[in-house]
């Protein structure tokens, strides 16, 4: 068996070049994301495939209504998909936590939560899932730094029936 070293080196060189181009594209321009979990229903469902881009931060700020992929502030190995509700300097209304005794007591009546007005600090955003009853978001861990945002959702490409639909 004769090894053609010239052909092998050409294949290796092209493979390395394509791998570098692919890595840079997914790291700096955009990528595909597979959604998991119910926090963005009915907008996004589990197993939806999204196209995201990472260039927004260079030409404009994130705006309320944008759907972003961010590193979870409670688990750095996990990413979350949430909607931007407020940006730096905007006001948000937060439900004041009730004492644990009031929530656990069977005789206690359910009270409407007391809302507190707060502001999103500079360099942070307030994110929430569209499914308010089943979403762990800024209502629990507060505003997140803009540096935790990995990308902004542009399109849904799967399932095909919902592809390129309004997000």
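Keep in mind that glycine also has a Cβ here, set from the backbone N, Cα and C atoms.
Lifted from TrEMBL, the feature list:
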{"type": "DOMAIN", "residues": "15-158", "note": "domain 'Peptidase S26'"}
{"type": "ACT_SITE", "residues": "39", "note": "active site"}
{"type": "ACT_SITE", "residues": "82", "note": "active site"}
Helix, strand and coil totals (DSSP H, G, I; E, B; other) for the domain 'Peptidase S26' (15-158):
34 helix, 51 strand, 59 coil
Count the Cβ atoms, other than its own, that fall within 10 Å of the Cβ of residue 82 (active site), considering every protein chain shown.
25
